[in-house]
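Below is one structure, written out as structure tokens; comments come after it.
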Protein chains: 4
Amino acid sequence: MGLEVCKAVDAAPDLDLVALIDHNDTLASAASAGARVLVDFTNPGVVMDNLKWAIDQGIHSVVGTSGFSQERLDQVRGWLVEKPSVGVVIAPNFGIGAVLMMQFAARAARYFESVEIIEQHHPRKLDAPSGTATHTARLIADARKAAGCPPMPDATREEFGGARGADVDGVRVHAVRAAGLVAHQEVLFGTAGETLTIRHDSLDRSSFMPGVLLAIREVVKRPGLTLGLDDLLA
Amino acid sequence: MGLEVCKAVDAAPDLDLVALIDHNDTLASAASAGARVLVDFTNPGVVMDNLKWAIDQGIHSVVGTSGFSQERLDQVRGWLVEKPSVGVVIAPNFGIGAVLMMQFAARAARYFESVEIIEQHHPRKLDAPSGTATHTARLIADARKAAGCPPMPDATREEFGGARGADVDGVRVHAVRAAGLVAHQEVLFGTAGETLTIRHDSLDRSSFMPGVLLAIREVVKRPGLTLGLDDLLA
Amino acid sequence: MGLEVCKAVDAAPDLDLVALIDHNDTLASAASAGARVLVDFTNPGVVMDNLKWAIDQGIHSVVGTSGFSQERLDQVRGWLVEKPSVGVVIAPNFGIGAVLMMQFAARAARYFESVEIIEQHHPRKLDAPSGTATHTARLIADARKAAGCPPMPDATREEFGGARGADVDGVRVHAVRAAGLVAHQEVLFGTAGETLTIRHDSLDRSSFMPGVLLAIREVVKRPGLTLGLDDLLA
Amino acid sequence: MGLEVCKAVDAAPDLDLVALIDHNDTLASAASAGARVLVDFTNPGVVMDNLKWAIDQGIHSVVGTSGFSQERLDQVRGWLVEKPSVGVVIAPNFGIGAVLMMQFAARAARYFESVEIIEQHHPRKLDAPSGTATHTARLIADARKAAGCPPMPDATREEFGGARGADVDGVRVHAVRAAGLVAHQEVLFGTAGETLTIRHDSLDRSSFMPGVLLAIREVVKRPGLTLGLDDLLA
């Protein structure tokens, strides 16, 4: 991911790549190169030290590294109190398409009688349903609950072994696994006489780059901690 | 269904509607009207008598009535021995699209590593998966077995409650239920680098008429008993 | 449409149908029945008189009648000045799915390199592309322009007769016409490595009823003129 | 392609890779290695010499090289007359999914009132519609003509600039170009009340390998010249 980010930044006309830091390099070189934003796709073992250093230096950060517990997030917030002009964006998913899919799904949820999720992935995936599908289902369930939606209609009386999929907070999720697939998700909303389908197809991680670039451009304008891309997608 | 058949026959330039027989009418009127083909969408209680009468009269039959056990089929075959020039077509489904979907699925089955079925129906449906989906899965399983295909790849280790759907003879089947849907089925084949999808959408039973007309045109050329539309779709 | 609205209102637990006014009836019966909201699916020849009457009576209106020019809208606004507590909702399309599709399309527009629209309709349709597709294309074009998006990538050098569809403000729109279709639209967004698709399928006008009910519930809380469902979809 | 073929053959349990011939190598090494089948993905400048040599040696050939005119095919047939036990398979497309899509489309063509093709490709593609889409349209047009199908219903009177796509022998073809796409094609058949859709998605050329392996296995059983994969897909 790191190398792809460097290529994407390098190719963006409004951004300059001033330093490329591998695990053998020190962060100091970023400071001496005049970095305004640090992009961190490292690992949970080193990311907190990197963030502490960047905040101390007054450098903004965009973080795609995983493993941020509530405790870690509170610690970052604490560091930022002392540097009120510094911004940090931490996001579990930089795919703008996936983030928009979830936003749209949450927004449509209250207006339809029924909604189900079909996610489709390559057969090497270990878990079913995917984390994105489960998260989308929960967003939908919350939106329906907040709007006071009744349970969805379903007259199924005879179900053969799991045909109706997994029930995630009342939203059915189906996981398809097949060679030839990469990572896809469809959210199907329906009400009498019409359906609305939101589908996201992800083919490779180059799809994360627009989200990383967006975060780089936005973090300099947003002091404090921003979680996820949602708020950046104006 | 009867009335729709009458309208469809009436509208076909190469066919004549010579009699319309309701439950208050006698079959004799069909004979006196010079019927060459009897179309029977009645019920299991009367269909055998109708068929016996038509075969005796030398009238061909197209039958969409349900409830044909192996025993009943043997009986029809017995009657036809005495009338070798008479044809009978009995089909559980006159939807040409659905029949072609199943044919194509059976034919593609051996060439792909993976295949899964996603069927989607209105939420008033009582069973899941649908009979068509189960039947399609079995045709695919048979074709894969005959070709010596290995099991499909699937690394799933953590599955949450039915997410992977129902296992029908080794083929995963997912049943979606939502308001706004009618009757839909997707068969997804995949192998490294490509997928092939066959999808059938049925909106109303007018879709059965082309199949009924096809059977009427073909039954006069096919003495003996023909089961299903498969053989008629040359 | 009128009859369907009556049925939908009658079936809604929080609404009461107090009068059903056909072209032989007078509006006065609505007032004497204590109507709080008038739903008008009439025709351009009578709708202005109906609206004037309702506003004078202090009755809110939900209007699906077509033919509202800027001049007519200004006239309605003028009438409402004198009755500041009265609300009027006028919408060209009460399909919530279609409205959400357009909102989502406008919102996603700036984040993707490419976007094209494929609309699919029954073959009796006279115009291509559909009004909804053209309107969606314009919303997308406006959003891209406002965000300063560059033109979409397209290396096509040899195009055979219209293969690339119609160019509506720089957005390509493709119109499919086939028996068996009703009214469908797909908006396909793409950027390196991912696509996001928003699809709306409309099968019959029962799909407009949730939008009509929403407007009835909201118009009583929104004095003045509201155009379209957009603002009602919070 | 050559290297991918070598890897695929090497990975197949029933096949042995006995020689890998680059442009610096001589074909003689294939003979001395005991090759039974030569796979040729070279270029039009050398493929005829390769084929002549292989046929002379009694070695079967599977050829994916382009540029086979009718004249060249006749020449290959001439060479094979002298070696009646040798087989040659020449195919423009080794993607089994694409070949099946075209077979199914040709077979379904006569049973539906309407059919249109939507092909979707990356925006670097120079021609529109794609060669595969044009070829599919012609197969469909031929099948409809042979079956005496009437023209498709289409009431379009007002068409805005190319919205209805390109007319290829009476079949409408729509070409979508967007970042994030690779190579996709959808064939949509429709008749009153139902649609049947055949869709092929190709993500990378690894998808050609099953077709190459199939041809290798089949060519040893099929003396003479075989054009395309159609006959091999039993």
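Yeah, the Cβs are placed from backbone N, Cα and C, and that goes for glycine too.
Annotated features in TrEMBL:
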- D:His121: active site, proton donor/acceptor (ACT_SITE)
- D:Lys125: active site, proton donor (ACT_SITE)
- D:Gly64, D:Thr65, D:Ser66, D:Ala91, D:Pro92, D:Asn93, D:Phe94: NAD(+) binding site (BINDING)
- D:His122, D:Gly131, D:Thr132: (S)-2,3,4,5-tetrahydrodipicolinate binding site (BINDING)
- D:1-94: domain 'Dihydrodipicolinate reductase N-terminal' (DOMAIN)
- D:97-233: domain 'Dihydrodipicolinate reductase C-terminal' (DOMAIN)
Next item on the list: Compute the C-alpha separation of D:Ser66 (NAD(+) binding site) from D:Gly131 ((S)-2,3,4,5-tetrahydrodipicolinate binding site), stating it in Å without decimals.
Entry: 14
Next item on the list: Sequence order please: the recorded positions D:Ser66, D:Ala91, D:Phe94, D:Lys125 that have their Cβ under 8 Å from a chain C Cβ, otherwise just none.
Entry: D:Lys125
Margin query: Measuring Cα to Cα, how many Å separate D:Phe94 (NAD(+) binding site) from the residue listed as 'active site, proton donor'?
Written below: 20
Check: What is the number of residues in the domain 'Dihydrodipicolinate reductase N-terminal' (D:1-94) that are helix, strand and coil, as DSSP sees it?
Finding: 39 helix, 12 strand, 43 coil
Check: Rounded to an integer, what is the Cα-Cα distance in Å between D:Thr132 ((S)-2,3,4,5-tetrahydrodipicolinate binding site) and D:Ala91 (NAD(+) binding site)?
Finding: 13
Note to self: Measuring Cα to Cα, how many Å separate D:Pro92 (NAD(+) binding site) from D:His122 ((S)-2,3,4,5-tetrahydrodipicolinate binding site)?
What the structure shows: 21
Next item on the list: Compare the Cα of D:Asn93 (NAD(+) binding site) against each of the recorded positions D:His121, D:His122, D:Lys125, D:Gly131 and report the nearest.
Entry: D:Gly131
Notebook entry, point to check: Taking the domain 'Dihydrodipicolinate reductase N-terminal' (D:1-94) alone, what is its mean pLDDT?
Noted result: 94
Checklist line | Chain A neighbours, restricted to the recorded positions D:Gly64, D:Asn93, D:Lys125, D:Thr132, by C-beta under 8 angstroms | finding: none
Margin query: What are the sequence-distant neighbours of D:His122 ((S)-2,3,4,5-tetrahydrodipicolinate binding site), meaning same chain, six or more residues apart, C-beta distance under 8 angstroms?
Written below: D:Arg177, D:Ala178, D:Ala179, D:Gly180, D:Leu181, D:Val182, D:Ala183
Checklist line | Residues close to NAD(+) site centre defined by D:Gly64, D:Thr65, D:Ser66, D:Ala91, D:Pro92, D:Asn93, D:Phe94, Cβ within 8 Å | finding: D:Val63, D:Ile90
Check: Looking only at the domain 'Dihydrodipicolinate reductase C-terminal' (D:97-233), what are its DSSP counts of helix, strand and coil residues?
Finding: 49 helix, 44 strand, 44 coil
Item checked: By Cα-Cα distance, the member of binding-site residues D:Gly64, D:Thr65, D:Ala91, D:Gly131 nearest the residue listed as 'active site, proton donor' -> D:Gly131
Checklist line | Site extent for NAD(+) (largest Cα pair distance over D:Gly64, D:Thr65, D:Ser66, D:Ala91, D:Pro92, D:Asn93, D:Phe94, Å) | finding: 12
